[in-house]
Amino acid sequence: MASILKQTYSQRAANHTNPAAKALLETIARKRSNLCVSVDVTKKADFLRIIDVVGPYICLVKTHVDVIEDFDYSLVEQLQELSVKHDFQIFEDRKFADIGNTVALQYSSGVYKIAQWSHITNAHPVPGPSIITGLSSVGLPLGRGLLLLAEMSTKGSLAVGSYTEEAVRMARANRDFVIGFIAQRRMDGIGLRDGESSAGEDFLVLTPGVGLDVKGDGMGQQYRTPREVVLESGCDVIIVGRGIYGKDNGANPDAVRAQAERYRAEGWKAYQERIGSSA
Ligand code: S5P
């Protein structure tokens, strides 16, 4: 079996049993897109317009649903309709970080009921393994998947060294629900104890901090190119926000479409170069 870095997304889909991981890999292969758009805008109309424009070019939409000022539950229904129309998965970037009981409530209940509609969500490993126990009690029966934040894209991030290693160990112990990481590179081999091997392990790596035109945002964000992320660091999905919808909340749909096409093409080219095939 070729190393994960050389396998196609569809070959990898066959090795996954978690429904969210499998569906994401299949969507990537079907649409020839490893691009996730992060839609961090505060008005429903902007949010839906951007997603309708970028829909054809993406595998995944990442949301911060709590920043939307005019939120009501019809937004979720419209997002779900767009996900069917354009064939993409949904990832609410909630970054859970509390005790198991609390995160289970935050995931299942409240205004947003995230587990009802988000195929994938994420959590900080800082509370330890009980955060996975809490979230999986809600998400696993619904076929959802969890990403652990093993690293961050920001300058001075504390998620390094032994923290990252422990995050990977927590994932290894919960492979039914933890489908991968938010990280800046592949995590294969990280945190292995004596006698352990990561052979056969295939965690997905979704990577934010991706931009083609600027290196940062003046607030700690650090950008790398799709080529650096996918080819040089072996990550699987590029997450791009402002690089696609710009400074004006995506007011110009043609400009948003052009950027989505550009990032999709760059991400896919880097993947083809990685696997050594234009398939
Ligand atoms: O380490 C991280 C983890 C995440 S999920 N760095 C990040 O930037 N993110 C998220 O990715 C962040 O919350 C934002 O929604 C997105 C990056 O947006 P951009 O506009 O800087 O591309």
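Cβ from N, Cα, C; glycine included.
Between the candidates Lys6, Lys62, Lys269, TrEMBL assigns the substrate site shared with Asp40, Ser153, Gln221, Gly241, Arg242 to Lys62. Annotation for the recorded positions Lys62, Lys95, Arg242: lowest Cβ count within 10 Å of the residue's own Cβ, Lys95. For the pair Arg242 (substrate binding site) and Asp93 (active site, for OMPdecase activity), the Cα-Cα distance reads 16 Å. With all protein chains in the displayed structure included, the most crowded Cβ environment within 10 Å among the recorded positions Asp40, Asp93, Asp98 is that of Asp93. Cα proximity to Lys62 (substrate binding site) (within 10 Å) is found for the following active-site residues from Asp93, Lys95, Asp98: Asp93.
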